[in-house]
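Trainee: First the structure, then my questions, so here it is.
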């Protein structure tokens, strides 16, 4: 998210007063594929071998190193090179919700595997960011120094400091949203990767406890986030949001009780909302609790849950323009909340109306608005109208998804796409040189940011396709995340699914096997001196709980004798054999003083989660 102090000077734009005479029907499947592809362009860290956005390369490879923690990976939030934890976690929650509701439709399009990979890229990072129960790293990089520079992620020279919350510097909103993301994602991987699912749920439990016990706003602890992602709504909505997701993921009645006991005092039953997004979660909480009520799970809390539902339906009616408090719309019919990246509110609201339409259909109910009852199909029709506007059915006949249609933004406010790929021209792009050479360039981006949903038009449907118009031309991950579910639903239909019942969607075409062999990343080189490779050798169940045995092989490729090897091993939850532990590091076993050139050492461990993170801390070569 870009926030400069200056205002943009824009030439007045004429509003086209009529829609094109003929509106072509949209290819929702193609739009879905492109919207998922965008997340690959936002990846930070070591890119995988199957990376499809080939103009990107590895970046942020030392993130967290100065703080003694591995924070390599995750997503850049928008057109900048900062990793902001709160919007990243919300993005993961909404991608997961999309899969949980419309996984079967995603599978039919062949995109389920890509969607699950997009979630896992984010949750792998969230796991790294939570190294201790009451510690969470919520930002890498600083918005001020980052925005002073215009560089590819691969060229970054800006401050990559890591910022954290802990019990002395709390952040209930950040920890709560991250708990929600991990809980939601744990359900995504429950069948294809049960060990990983259990690991995510374990983190979600800890993060919720941390958020609830040590209360405070995260931007009071991570103050550098205030100019970019200030938590205006506070943290009560995130605590309720996390509780709702933890109840769904664990079926633990404690979290249902939490929603019932705290609904009134924390605002869940009080606030009638006209927006939903990375900061304000109340409408999302109200929608989920209304679902629990329609599923017959409210129990003694039915009166409270009915008040949640009233607020959920107030939001739905407001979107349709049939409530006591209606959302603002442009003359062309698009939801309008603010001039800065308005599209985030469009997709989030449209997702809620989509799922609520299906909840009502499954329950055989209609929507109760101020004037009259409304059929569920009208809610879905509203969501469709918003998506069709995004894809080109608007007064400008412009697609606001990059790469979709014939007329889409060409000068996206995005560092990586606006600068020639490092693979085509590896010459270093300096901090200010990027502004002089690339930012000010009045031409189309050299790299097409396929699938990116930009900020969108203003309150009068006007739009200026200019790189310095960051309010309208900057994309964001949280714009795209809710779109996955809507596009899957519109493209795949309902087919009689009961959305109130758990949906077990088929395994992706390329399933995420449980657990994955893991090779410790290393910079591209013709020879890695010390190689580490892991694989699962066997698995079994004990009293319904899965266990895995991992074999880890350390190989000396250096050509010299390896001595004083020190390994760092994190996310290890069971016994280990074959190494000597000293403090927080592991070394060669006591019977082995050195490892000759070309030789390997094997050690094994057992636990009930995915493979541990094993990395080389230090060594000497004789």
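Every residue, even glycine, has its Cβ placed from backbone N, Cα and C.
TrEMBL labels come from automatic prediction, so no person has curated them.
Found this in TrEMBL, in case it helps:
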- 413: active site (ACT_SITE)
- 465: active site (ACT_SITE)
- 474: active site (ACT_SITE)
- 530-610: domain 'Carbohydrate binding' (DOMAIN)
- 1-24: signal peptide (SIGNAL)
Trainee: Taking 10 A as the limit, how many CB atoms besides its own sit near the CB of residue 465 (active site)?
Mentor: 17
Trainee: Can you count the other CB atoms that lie within 10 A of the CB of residue 474 (active site)?
Mentor: 24
Trainee: If you draw a 10 Å sphere around the Cβ of residue 413 (active site), how many other Cβ atoms fall inside it, taking every protein chain shown into account?
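Mentor: Step by step: centre on the Cβ of residue 413 (active site), count other Cβ atoms within 10 Å, giving 25.
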Trainee: Between residue 474 (active site) and residue 413 (active site), how many Å separate their Cα atoms?
Mentor: 5
Trainee: Measuring Cα to Cα, how many angstrom lie between residue 413 (active site) and residue 465 (active site)?
Mentor: 9
Trainee: Looking only at the domain 'Carbohydrate binding' (530-610), how are its residues distributed among DSSP helix, strand and coil?
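Mentor: So the domain 'Carbohydrate binding' (530-610) is made up of 0 helix, 52 strand, 29 coil.
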Trainee: Per-residue pLDDT averaged over the domain 'Carbohydrate binding' (530-610) comes to what?
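Mentor: Averaging the confidence scores along the domain 'Carbohydrate binding' (530-610) gives 82.
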